Amino acid sequence: MAMKLSIFVALIALLLPLLSTAFSPETPTDRRILVLLDDQSIKSSHSIFFKSFQTRGYDLDFRLADDPKISLQRYGQYLYDGLILFSPQAKRFGGSLDLAGVLEFVDSGRDLVIAADGAASDLIRDISTECGVDFDVDSAAMVIDHTSYAVSKTDGDHTLIASDEFIQSDVILGSEKIEAPVIFKGIAHSLNPANSLVLKVLSASPSAYSANPEAELSSPPSMSGSSISLVSVVQARNNARILISGSLDLFSDRLFGSGVQKAGSETTFEKSGNEQFVTELSKWVFHERGHLKAVSIQHHKVGEVVEPAMYRIKDELEFSVEIYEWSGKSWQPYVSDDVQVQFYMMSPYVLKTLSTNQKGLYSTSFKVPDVYGVFQFKVEYHRLGYTGLSLSKQIPVRPFRHNEYERFITTAFPYYGGSVSMMAGFFVFTIVYLYNK
Amino acid sequence: MAALENAKGTALRYACGNVLSFFILILIGVLAFSIRLFSVIKYESVIHEFDPYFNYRVTQFLTKNGIYDFWNWFDDRTWYPLGRVIGGTVYPGLTLTAGSLWWLLNSLNIPLSVETVCVFTAPIFSANAAWATYLLTKEVKGTGAGLTAAVVLAMVPSYISRSVAGSYDNEAVAIFALIFTFYLYIKTLNTGSLFYATLNALAYFYMVCSWGGYTFIINLIPMHVLLCIVTGRYSSRLYIAYAPLVVLGTLLAALVPVVGFNAVMTSEHFASFLVFIILHVVALVYYIKGILSPKMFKVAVTLVVSVGVVVCFAMMAVLVAMVASSPTKGWSGRSLSLLDPTYASKYIPIIASVSEHQPPTWPSYFMDINVLAFLVPAGIISCFLPLSDASSFVVLYIVTSVYFSGVMVRLMLVLAPAACIMSGIALSEAFSVFTRSIKFQMPKLLDDSDPVPGDITSGNSVVQSNQTKVEKHSAADKSEGTLKERPQKKSKKKEKEPLEKASIKSQIEKKLLVLPLESSVLAILLLVLLGAFYVVHCVWAAAEAYSAPSIVLTSHSHDGLHVFDDFREAYAWLSHNTEVNDKVASWWDYGYQTTAMANRTVIVDNNTWNNTHIATVGTAMSSPEKAAWDIFNSLDVKYVLVVFGGLVGYPSDDINKFLWMVRIGGGVFPHIKEPDYLRDGQYRIDSQATPTMLNCLMYKLSYYRFVETDGKGFDRVRRTEIGKKYFKLSHFEEVFTTHHWMVRIYKLKPLKNRIRGKTKKSKSSPKTSGSKKDERVKKNPWH
């Protein structure tokens, strides 16, 4: 079966080499990414970053941002699975691509990487804003930090920031701890705290602020402190992932290789954390980590196998669901102890933590509450860095049938006795009355 | 000798009369059935309106799954997500009747569809009701009155309005059950037969199965029993007529799942138990009176009265305590609004919002019972000449039903049979008086063309012997007969004298009731004219006023007939274009139709059992888009359906019902306030309307893109231009609008995939040089 499937997939891949779909587990290897550059030199100056993609099996298509032949889709089919915008200065894209095109691309479930820069164009800013990230409106401003800048040999450039304030998530940044600080040189952005979809991956230190480094600071900076985000990720509701960085240099070979010493700190690192940070983050963005799927939701009465169309109140039932995580190559069982199922009708009547068998199967059993109605089995699993699982399966719960109640109740025996003695008494009375004259 | 001849003639006459009345009854049945077929002929054979669709759906379920599954039916497609236990909340009489009819026809190899059977159930049962009326009136005032009442009932507009073909509602069978129960009660009262008493209990059971209006029976009969007791008409027949009915009837009523323990626990039934007790006390008193000497009896009376008073007080205390302990004082809302007509509009908007729960207007009496309204007083008078147990019952019936019909339009239906019976009696009596006068003067007229008034008394004996020939089976004759019978029965109880007196008295009265010939002829002509007028009105009402199925509308205009079939168009769209488990939200009026015709799950429907749920939908409809979206989304709603009549002038649309949504919603969720939707106490949708009104969901869904139809947005129902013409929907999208825009279906938009940042588009900043900005600058004429 699997063999057949893979042959089929290979056939499709041969026949339609240019067509591709969104993140799909079946065709992980021929995922194509369109890289838009301001100029071709970026391709060489950021070669390590691109190389890491190619070694992981991605197919990169480099284009200049104003290349008139750029098009994301043909005949309604997307040609790429991912888009990397390393073109901070592009005022408009070539070909048919525009702001709406990029957003549609994201809304179709595909991934996006945006790197801005000191001279980021409105187009790049607009795309970021649409994704929930607001760059500093002052186009000349950069992030300046006088306390946690990166000490370099030649001069003290306070716009070259060394930050180690990462998001605390193994899913996003990998299980291996990033020891060295990440060197950042670029513009600040802020996030709307009410926006639950966007995450600050790398934030600035409390002493950072966003201002024009060339000019005198005349008014208080519009953004300051740890509200400044340097690198953010967005996970859209359809699980499309977006990486937005205020600095294109973050991905460059130069910063990958340079040593770093954070101001005020004694430790000098031979190599900055950039490479590890960016590579791990790109793995997350392109779904090599933290992508869950739930399959085969099953429920049935205890002791039965077939799924009923309806439960009765007070039935004992078993519920199970299988959850897997995509590892980049295959679906691995997802192991966690905090997956919960709700038995839900306007509010959860039952809320139970599912127990796992370590092989991806989560199951539990519970008693249907003494309330009838149309219930749902709901699994709402939203964890930092993971794709959200929102499963619901409708199931009606009916009251007892007329013959499912107890026929004789112990407490009612006085009444039974009463009526029987009444009948007997009436019978005796009738006989006495009729024949006793 | 003469008597023997006379007896022979009488037997023959009775035989002829019986055959004749049999055929007349058959014709009445045909009339009752066929006058209700206008809806099928003029429109089509469809189920009408709202509730019948539910009954139809239930009947389908019954015929498909059998009675046990019907009894235990938990319906998960209505009242999402609460569901509804249909088997336990529905009066099953109608469904079982139509179901067994269908089963019977099918087992006779007459393969009719369930729908056909349902459509024709109501006309069939109106024929039955006419026959039951005949029986009842015959018991009260004789065959003539019975036949007249049956004819009148067969075509009374009030009853036609609820029983045209396709109007498959509880009332269709319930009116028959009501009349038949009354008939059996009177029959038992007249005969004192335990057989009829048992039948009476069974008929009452059928009534309980069919309609919530059974409480009318279980209150009216005790009232009558009480009346009989108070007026000293207690007899063992009364006891037999009442006691088995209460005991058996209550037991049987408790078997109906929807009634259950209500049969002994709600105030509506208490009167019957109280009278039951009183009846027994009275029976005991009569018994003791029979066995004691008058002197001893006096002692006993004082004893019993004092004890009885104590017991009564105790009982009253218990009753009052029980009633007071229940939150609604033991009365359901609908019954309370019967006692206090203003109750519903004050406290229960959900009851007040239904037009058939409103008090009727005067014209509606004339529309629904027409000339009967004028004949009823005459009928009441003739019921008092002489007053019997049976005629006192119909008098009580008409008096109470007039009161109830004044409270609720819907109960006009209960008044209609009473009015028919009364009018039947009145007409029949009038005819008998006039024809008797003519008959009496006919021979004189032949002999001498100048009848002398003074001869009337002298010719009485002739009249007496001849009158029966003319009248055949007139009411007067019958009443005389019953009056003659009664003394025989009562002779055992030694109550002969007063009744004989009464009988003699009535004979004397009858002799005096001879009117001048001319006036009699004229009066008969006028009565016939009146009858003709009634028939014309009834046929008109049946054909024009009450036959529209309300799911298909028609209108006549200068360019011909227009048919508006938008409802079925919308429901068909829903059933073809949405997922099976999608939930559709609409105001509750359309719930039954949506589940029956579109087969989609609805949030609320016409069975308004959960006020909060309805209030939730009302709140959503009166909220701004975002809040409404949240409410609907929390109920898993996928589609919202609104009915909009502004384009074609269909007045009963959702905008006109909207204030009720606000009231019902505000009754549960106080942040919805009615004054917010009114400008100076006026409900308006034009530019003077309040912002809350113009921004609420109902307004937006009704008038979305409406301005595109005529460029002005002129609403033909409210006769005004709408206030807010150009707007966009942010959380809903229009998916379907029917041909005449009467039904509009919207889909809830899914949550946005991304959440935008805070910054406004930076195009406003001076430094920008976006391409679009450039283009705009070029277009600027000042550059």
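The backbone N, Cα and C atoms fix where each Cβ goes, glycine too.
What you see is a predicted model, and the numbers here were worked out from it, not measured in a lab.
As recorded in TrEMBL, the features of this protein are as follows:
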type	residues	note
TRANSMEM	B:12-35	transmembrane segment
DOMAIN	B:19-422	domain 'Oligosaccharyl transferase STT3 N-terminal'
TRANSMEM	B:85-105	transmembrane segment
TRANSMEM	B:117-136	transmembrane segment
TRANSMEM	B:142-160	transmembrane segment
TRANSMEM	B:172-197	transmembrane segment
TRANSMEM	B:203-227	transmembrane segment
TRANSMEM	B:239-264	transmembrane segment
TRANSMEM	B:270-288	transmembrane segment
TRANSMEM	B:300-324	transmembrane segment
TRANSMEM	B:365-385	transmembrane segment
TRANSMEM	B:392-409	transmembrane segment
TRANSMEM	B:415-434	transmembrane segment
REGION	B:457-500	region 'Disordered'
COMPBIAS	B:457-468	compositional bias 'Polar residues'
COMPBIAS	B:469-500	compositional bias 'Basic and acidic residues'
REGION	B:755-783	region 'Disordered'
COMPBIAS	B:755-764	compositional bias 'Basic residues'
COMPBIAS	B:771-783	compositional bias 'Basic and acidic residues'
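Counting Cβ pairs closer than 8 Å to the transmembrane segment (B:415-434), the top stretch among B:117-136, B:142-160, B:203-227, B:270-288, B:365-385 is B:142-160. If you count C-beta pairs under 8 angstroms between the transmembrane segment (B:365-385) and each of B:85-105, B:117-136, B:142-160, B:239-264, B:270-288, the highest count goes to B:142-160. Here the transmembrane segment (B:85-105) lies next to the transmembrane segment (B:239-264) in space: the count of CB pairs under 8 Å, restricted to residues six or more apart, reaches at least 3. Residues 25, 28-34, 36-37, 40, 45-47, 52, 55-56, 59, 94, 97-98, 101-102, 105, 146-147, 149-151, 153-154, 159-160, 162-169, 172-173, 175-176, 179-180, 182-183, 186-187, 394, 417, 420-421, 424 of the same chain, all 6+ positions outside the transmembrane segment (B:117-136), place their C-beta atoms under 8 angstroms from a C-beta of that stretch. Using a Cβ-Cβ cut-off under 8 Å and counting only residues 6 or more beyond its ends in the same chain, the transmembrane segment (B:142-160) has close neighbours at 17, 21, 24-25, 28-29, 31-32, 35-36, 126-127, 129-131, 133-136, 175, 367-370, 372, 412-413, 415-417, 419-421, 423-425, 427-429, 431-432, 471-479, 481, 534-535, 537-539, 541-542, 545-546. No contact links the transmembrane segment (B:239-264) to the transmembrane segment (B:300-324), because fewer than 3 Cβ pairs that are 6 or more residues apart lie under 8 A.
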